[in-house]
C-alpha cells in the first residue's frame, strides 16, 4: 500500500477529546505511533470480548461529500503498521503484508454515504452492510466503527475515505485506524513480564570503530507516484485523478521517457481485482497474455485499453519536476468526451464522468525504456465498489483448450468510438455492389457503341497504279517489263537472244503499242516514236503477237472483254 494523506489539522482539536472518551469506554489504549507515519494515523489495542469504537472525524456540514468505511484483513495475523524504507533517505510507516498473505488479504467495504450540502441529514444517502458484529457509522453526529465484542479476527486496518466534491475542489483524504486485539494469554504474559524485576544489561566488549566509505555517486533518476487507490464518484461528476508524480535526477544527461494510462473495465461479478506486478515488467509473458482470471485481473498492459499516452525523446532533467510539461513529446489521448489529460501532462481529468467510466486505471512510467514507477486507481461508482490488491506473483495461465475470455458485457463509455451497426454495413455493401454492377454495364455499353462506330477498313485510292493485265481469251503471251525508271536498253528482255552485240539496244519494235499514251483520233493507239523517247507513262506495256502466216488457221473473232475480275477487285477495295 502507498502512503496516504493524514486528516486535516483543523480537525485534530476536535478529535482528541473524542479519542480519549471513547478509548476509556472501550478499554482501548492507543499505542505509540511510529515516527514518520504517513498512512497509519492511530493504533488501538483492545481486549478480546470487549466493545470497541474506532472514531473518525465528523463530516463538514457545509460541503457535499462522499465518505466510506472499509477494513483490510486476511487469513494471516492481522496487519499492523511497520516502518518501510524505500532507500536510505526515505522511510515511513505503512501496513506491510507477507507475500504468502497476499492471496487471502481483502479490503472489505463496510459502509458508504453521500452527504448533501446542508447541516441536517435531509438528502443524505447512506448504505451500510448488514453485519450484527461490526457496524460502521457515517452520520453527521457520529462517525466511526463499532464492534460489539472484539475478537482476534477483527484486528486490522480500518480506512475512512472522505472526498469533498462540488465547490470544495475535490479534496480527498484517507484516515487509517489500526486495531490490535489482545487475547487473554497475551495479556497474562504481559502482566507476568511487568512483575519480573528489571535487570541491568550485561556489559559487552568495547565497540570497534569502523570507517564507513561514502556511498558512490548515483546516476539516472528516481520516480515515485502516490495516487489514491480508490475513488468513488457519482455519474456526472468532474474530478482530477492525480498520481502526484515525484522526480529526482542525479545527473544532467538527457533521457527518454513515456507515460501511459491503461484502463481495465471490470466485470460486474468480480469480488476482487488483482493487479499482477510482474506482468507490468514482463508484458509479453505467456501467462500474462493469457491469464486464467482475465476478466477480474490486470495482467499484461497489452490486454487493456490505452486512454492516454505520451512519449518524450531527448528530454533534459528538471530539478523542479516540470519535465513532463516542459519537454516536447508526442501524445495520444483516447477519443472519449469525458476524459482528457491535465495541464501537467501526467494526471487525468474527468468531465461529467458517466457510469460506464468505472474501472481500474493503471499508471506506468518508463525511463529509458525500463519501467521505473507504476500504480493504480480504482475509479468506481458506489454500486460497483470492489476490492483491488497488488499481486507480486505470476498469474496462472489459462488452459490451452479454454476459450479466450472476452471483455465484460458492459456499455461503452460516453463518446467512445463504436463500430457501425450491422444493418448499416449491409446497406453500404448492397449500395456498393449495385454501383459496381452499374459501372460495369455502362462500360460494356460504351465499348460496344465505340466498336459499332469504328471502321474496319481504310479508304484506299482506287485510281492508283494497279499492276494487272487486260482480260483476254487468248493464251497469255504478254510480257510486262519493269517501270520506266528502272528500264535500261542493255537489259531489255525482248532483245534478240542470239545477238552477241554489246552495243546500244535497238529501238522497240514498231508493233509495240503504248496503252498508257494519249490516244489519237484516227486509230486510238499511239505508236512509239522512232527515237525511243517516251513521255511520262504509267510503265505498263502490252505486247501482242504478230499476225499468223497465211497457212495458219484463221483468227477467231475477238470476244468481248471480261471485266468481272477487275470489278470484283474494285469492290473489295471499296468495301
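The backbone N, Cα and C atoms fix where each Cβ goes, and this holds for glycine too.
Residue with Swiss-Prot feature N-linked glycosylation site, selected from 343, 531: 343. Swiss-Prot lists transmembrane segment for one of the ranges 403-423, 424-444, 445-465, namely 424-444. The CA atom of residue 315 (disulfide bond) is located 37 Å away from the CA atom of residue 296 (disulfide bond). Averaged across the region 'Acidic' (484-502), pLDDT in this predicted model comes to 48. Annotation for residue 270 (disulfide bond): spatial neighbours 295, 296, 386, criterion Cβ-Cβ under 8 Å with sequence separation of six or more. Helix, strand and coil counts from DSSP across the region 'Interaction with gI' (76-101) read 3 helix, 10 strand, 13 coil. There are 24 other Cβ atoms within 10 Å of the Cβ belonging to residue 288 (disulfide bond). DSSP classifies residue 270 (disulfide bond) as coil under the three-state reduction. The most crowded of the disulfide-bonded residues listed here (279, 296, 315, 327) is 279, judged by how many other CB atoms sit within 10 Å of its own CB.
A gap of 33 Å separates the Cα atoms of residue 288 (disulfide bond) and residue 327 (disulfide bond).
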